[in-house]
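Participant: Quick one: this structure, given as structure tokens, is what I'll be asking you about.
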Amino acid sequence: MRTDRLVLGAFLALLLLVPAILSPYYVTLLNYIGLYAMVALGLVLLTGVGGLTSFGQAAFVGLGAYTTAALTTATDLPGWLAWAGTSPWLTLAVGLLLTALVAVLIGSLTLKLSGHFLPLGTIAWGISLYFLFGTMESLGGHTGISGIPAIGLLGWTLDEGGEIYYLIWAFLLVAMLTTHNLLDSREGRAIRALKGGRVMAEAMGVDTSRSRMVIFVIAALLACASGWLYAHMQRFVNPTPFGVHIGIEYLFMAVVGGAGYVWGAIVGAGVITVLKQWLQNWLPSLLGATGNFETIVFGLLMVLVLHRAREGLWPILKKLVPVRALRKTIDPDAEPLPRRTLPKAGELILEAKDVTRRFGGLIANNNMSLEVRAGEILALIGPNGAGKSTMFNQISGVDTPTSGEVRFLGKPVAGHDSREIARMGMSRTFQHVKLLPTMSVLENVAIGAHLRSDKGVLSSAWRLDRAEEARILKEAARQIERVGLAEYMYEEAGSLALGQQRILEIARALCADPCLLLLDEPAAGLRFREKEALGELLRKLRAEGMATLIVEHDMDFVMSLVDRVVVMEFGQKIAEGLPDEIQQNPAVLEAYLGGVE
Ligand SMILES: Nc1ncnc2c1ncn2[C@@H]1O[C@H](COP(=O)(O)OP(=O)(O)OP(=O)(O)O)[C@@H](O)[C@H]1O
């Protein structure tokens, strides 16, 4: 048996035995750790992986707790709602539904915010919900609600710490398993691209706003489930545990444990809960005075951890546990992904007509026109600052021309976002490479196939996407082999040399099965042999009917490869023609060499 399975088995066996071997005090402590870890797990997804900082999770815990408290203790529920108060399991369903609705509402208002505005937004709604719990008379005001019944399960009443313990940890383990599965999927790659890779992900067809909303709702649902369990464990709720200061503590747990790791949630919740408890017990006797000293020491310890272990404690602990990272396997029998039929050679694919782009007084593109046909490689060249990248942005829908029009496959590009354009069959690389550096080469390339597959969050969480995932990985591996990076398939993308990272971007673009490739300086940083191999690949793609538009500074590479060349200077087209003609063109020589004798 593999060591990691043994370690996991030992951990689960230990969890199972806890109520039998530990005193009720420690069981209660573990109950709290389980409840907190569930909220911290949501923050791992939201903050650690997705890069969205929230201080407001405690409010969602409160929503779960108050929903069940109010419904299960009410004596005068209206007829249409009376069914909900009959069992805590029904109130869980109501709480989750309500939380999802509130999260979608709050998310649509706050997730558009960026930078420090988003955390501030979460504080704002965190405070609002907290005061709502305390202000509503029907929720017991600041006194709260007591007399909440225990949860019944298969004939048992879970009214003791040692009993609800199993339910709490079962919830947590299922949440960890499904979160782990989700992150290891098509949806998960989209989520992992949110932090630092949004432009790239959108260009690959990922709806990043939807992905942000997905993790926001999941994190809220996990917090709600934790609140539901809390209410039935305590059998009493009041607003105190749902304030913003507890929201900050949840964030600490995720960060201290390791905000980018599923196991970080347990580690963070465990360390902070135990530490607080110890400090509370020991400090008064150590200092000979009572007071909230633990909060001060706790704050200092946090600063220390943030200085010394930015990634949190889990990566450090992981080194001590004999667990090796699992390598993804490529299933050679997986069915190939469907492919689009490429237009016939010579067919007009891309047409830019009189494109002008002004930035204030600066005209970066001035009446630029060009055409690319199927089975053709067109180079767009020009000195630095000529306006090539700006033109690329107009073509790929990243930017909109001030005047003029770009048509792709006969349809105007303006008004469509990068995602729709990607879906139409345009795929690009970036002048400044945009990769997810800690993800493997294989997974980076697999993002390219996002639009060629459709399994969603639930299928991913419950592993119903494995057949499709195998097809995606097989396609990604095929493209990696095609561009000559097979030996680096399982390396972290960030560890590759810059030239190889550019080639990786081409594999990712090809994984989208495009009919038009836009390559921004693909040969920059490549060695001679690598350039030769790239040239060969592009020639092969051309023979298959691919249309390619390439911006490149390496003239030897360009002139020996492309069919036609468009030359720009100061935002305008100064020449267009066959490579041989362009090399003799006096205007081009003037632009590049500053004049001919
Ligand atoms: N968003 C922007 N706002 C203002 N000016 C811009 C913007 N983007 C580009 N420019 C300006 O437009 C001009 C053309 O820039 P662009 O990056 O398109 O040139 P380029 O030919 O791609 O150059 P290089 O080969 O160095 O990448 C430059 O003067 C640049 O400063």
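Glycine too: its Cβ is placed from the backbone N, Cα and C atoms.
Just lifted these from TrEMBL, have a look:
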type     : residues : note
TRANSMEM : 32-52    : transmembrane segment
TRANSMEM : 59-83    : transmembrane segment
TRANSMEM : 89-109   : transmembrane segment
TRANSMEM : 116-133  : transmembrane segment
TRANSMEM : 164-183  : transmembrane segment
TRANSMEM : 213-231  : transmembrane segment
TRANSMEM : 251-275  : transmembrane segment
TRANSMEM : 282-306  : transmembrane segment
DOMAIN   : 350-595  : domain 'ABC transporter'
Participant: I need to check the long-range neighbours of the transmembrane segment (164-183): which residues 6 or more away from its ends have a CB within less than 8 Å of a CB in the stretch?
Facilitator: 12, 15, 18-19, 27, 30-31, 34-35, 37-38, 41, 44-45, 49, 150-151, 153, 158, 191-192, 218, 222, 225, 229, 232-233, 262-263, 265-266, 457, 460-463
Participant: State the non-local partners of the transmembrane segment (213-231) in its own chain: residues 6+ outside its ends, Cβ under 8 Å from one of its Cβ atoms.
Facilitator: 35-36, 38-39, 41-43, 45-46, 49-50, 52, 54, 57-58, 60-69, 88, 91-92, 95-96, 98-100, 102-104, 107-108, 111, 148, 164, 167-168, 171, 175, 179, 182, 187, 191, 194, 237, 241-242, 457
Participant: Taking the transmembrane segment (116-133) as reference, which of 32-52, 59-83, 89-109, 251-275 has the most Cβ pairs under 8 angstroms?
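Facilitator: Between the stretches 32-52, 59-83, 89-109, 251-275, 59-83 has the largest tally.
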Participant: Which listed stretch (32-52, 59-83, 89-109) has the most C-beta pairs under 8 A with the transmembrane segment (251-275)?
Facilitator: 32-52
Participant: So what's the mean pLDDT when you look at the domain 'ABC transporter' (350-595)?
Facilitator: 93
Participant: Do any residues of this chain, six or more beyond the ends of the transmembrane segment (89-109), have a C-beta under 8 angstroms from a C-beta of it, and if so which?
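Facilitator: Long-range Cβ neighbours of the transmembrane segment (89-109): 60, 63-64, 67-68, 71-72, 83, 121, 125, 151, 212-213, 216-217, 220-221, 223-225, 227-228.
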